[in-house]
Amino acid sequence: MGPILVLLVLLSLLEPGSANYDPCLDFDPENCTLTFAPDTSRICGVLIKCGWECRSVEITHNNKTWNNTLSTTWEPGVPEWYTVSVRGPDGSIRISNNTFIFSEMCDLAMFMSKQYSLWPPSKDNIVTFSIAYCLCACLLTALLCVCIHLLVTTRIKNANNKEKMP
């Protein structure tokens, strides 16, 4: 029994057949991250990153196409969607049209940065710019948590009132 366990452990560590594993098979085209790419020459820079483990990912936004990472700009009038396409090993293409609230994200960051003379970011104010951005994100998260808490407590209170009614 002991040698069989050792053999199973070694086989699970070596994972035979894992060299043929294709990470593009499990890649979710909707699982991308969007962050700002601050640059002095851009109104609002956005950095879209998708799937470093899969080389056949193409991101398209505003008539620009790039593999895995796309640095683009957003301004009013530019579409708020981007397309992610993944080419499978059999040649088939999976396409996902993702929408994102570029306008709200850019408006909030630009307002906060201009309010405190943080735009355009430079070596002198990048720390302050980052702190202001994080504080905005924390404020929005706290507001969301308070709203969810109020919703839950109101539903519990309403459920208790319904039980007491004859």
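Each position is counted from 1, following the chain as shown.
Each residue, glycine too, has its Cβ placed from N, Cα and C.
Features of the protein shown, as given by Swiss-Prot:
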- CYS32-CYS50: disulfide bond (DISULFID)
- CYS44-CYS106: disulfide bond (DISULFID)
- ASN31: N-linked glycosylation site (CARBOHYD)
- ASN63: N-linked glycosylation site (CARBOHYD)
- ASN67: N-linked glycosylation site (CARBOHYD)
- ASN97: N-linked glycosylation site (CARBOHYD)
- 162-166: motif 'Di-lysine motif' (MOTIF)
- 1-19: signal peptide (SIGNAL)
- 20-131: topological domain 'Lumenal' (TOPO_DOM)
- 153-166: topological domain 'Cytoplasmic' (TOPO_DOM)
- 132-152: transmembrane segment (TRANSMEM)
Fewest other C-beta atoms within 10 angstroms, as judged across ASN63, ASN67, ASN97, which are the glycosylation sites: ASN63
ASN63 (N-linked glycosylation site) versus recorded positions CYS44, CYS50, ASN97, CYS106 - nearest by Cα: ASN97
For CYS50 (disulfide bond), the three-state class that DSSP assigns: coil
Nearest-integer angstrom distance between the alpha carbons (Cα) of ASN97 (N-linked glycosylation site) and ASN67 (N-linked glycosylation site): 16
Local backbone state of ASN67 (N-linked glycosylation site), from DSSP in three classes: strand
Mean predicted confidence [pLDDT] for the topological domain 'Cytoplasmic' (153-166): 72
Within 10 angstroms of CYS44 (disulfide bond), Cα basis - recorded positions out of ASN31, CYS32, CYS50, ASN67: none
